[in-house]
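Features as listed in Swiss-Prot:
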- ASP254: active site, nucleophile (ACT_SITE)
- TYR322, TYR394: substrate binding site (BINDING)
Amino acid sequence: MIDRLREALKRFNPCDSCLGRAFGYGLTGLENRERGRAIKLYLGMRAHLEGEEETLELLARSGLEEAAAVLDDPPEPEPCGVCRGVLDKVDEFAEVVACELKDLEFRGFVVGSRWPEEIRKAEKELWETLGVEGEPIKREFNREVGKRVEHLLDVRADPRNPDIEVVFDFRPSLEDPKFEVHVRPIYVRGRYLKLRRGIPQTKWPCPRCRGAGCPNCDFTGKLYTESVEELIGMVLKDAFLAESHKFHAAGREDIDVRMLGNGRPFVMELLYPKRRNVDLKEIEGEINRKVGDDVQVVGLEYGDPEDVGKVKDLSERSRKRYRAWVKFGKPVPEDKLREVLKGLERSVIEQRTPRRVLHRRADKVRRKRVHEAKLIEYDGDRAVIEFLCDPGLYVKELISGDAGRTRPSLAELVEVEAECERLDVIEFLDEGGDRS
């Protein structure tokens, strides 16, 4: 092993850390830097006693001051031939991380790194020379920087469930690596009620300028000045000091449709939040105070990434109850209307994609069921009707027939033209018919 160590010093000039991590799986309770220095000290004492000046020069070149001290003309220390001096700068890298994270609120973090092939090749050749299988530089660097950041910020590293991931990328440059901070998003779930018509669910970019701003949109970049997403998101974004947000909901209602009752499930994803511990009851109250005439939220609670998929799935399996204000082309006898509505219950509707959404939906026939159809108010040529429908059934076209694209329709069955003047979603139910 002594000859192997001399050969390793000659070929690779390893720093204490790189030499130590070659034996990183031997003994516990020692840092690799301590292991490497201990090996060099042993070699130095042996070489000094036996008068091996060449070995002492190799050790001095690798940074062992004790070896340099006994030489008349010691060589200057040179950078490590394996890590190229990177592992001597872990304190500096830890300071960079601490400076970047000091204003962020988080419970745990993890340090990661990416390395060029030349470094991995050099360490492998060092291990082959020594006849050992050592600890990779990636693991050493990540651990040592992490330990120092823990001390600097008084926080703990948490590789399994970190709020923050810090990544150094040494592939472009060992001297000036790229540095990335990935902050785990915050997920807030709940339900929203839209109390005023004319508000889209999500931000609607101007179709002429595609969000850039033009006279058509009064240079806002938006077709509508506000949306459910923005009204809720602006309060949550400020509360968590987030850079931006994404809105995920269980389906959507038309702009001119209100969302009432128990509300529509949603998840707000807050990106790069500087705060993580916020009282959601207080935020719920703040949202309802600020925008409650238009939009309200209920049941806000912390969620997780899986909730995004769940809320999307919910839109595919959840029935909705609607209240529709219907205008007929001429008065329809009440008994006939009640008979038609009774016949609609449990009916399967064949509905070709409505003309009004053909620009954004595939033109195909969907088969959906009407589970309930009840007359609430009647006044000759007007009526208020409640429908309980499968997800994805277009209620406006169920009423009008959409020029024969929806069959059967209310208009077809009463043999009078019919249109939906107003529409509300009044209940959001799960796939079993219970409230979600």
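Each residue, glycine too, has its Cβ placed from N, Cα and C.
Just so you know, the Cβ of TYR394 (substrate binding site) picks up 24 other Cβ atoms within 10 Å once every protein chain is counted.
Within the group of recorded positions (ASP254, TYR322), the Cβ with the highest number of other Cβ atoms inside 10 Å belongs to TYR322. Between the CA atoms of TYR322 (substrate binding site) and ASP254 (active site, nucleophile) there is a gap of 12 Å, rounded to the nearest whole number. Geometry remark: ASP254 (active site, nucleophile) versus TYR394 (substrate binding site), CA distance 10 Å.
When secondary structure is read from DSSP and collapsed to three states, TYR394 (substrate binding site) falls in the coil class.
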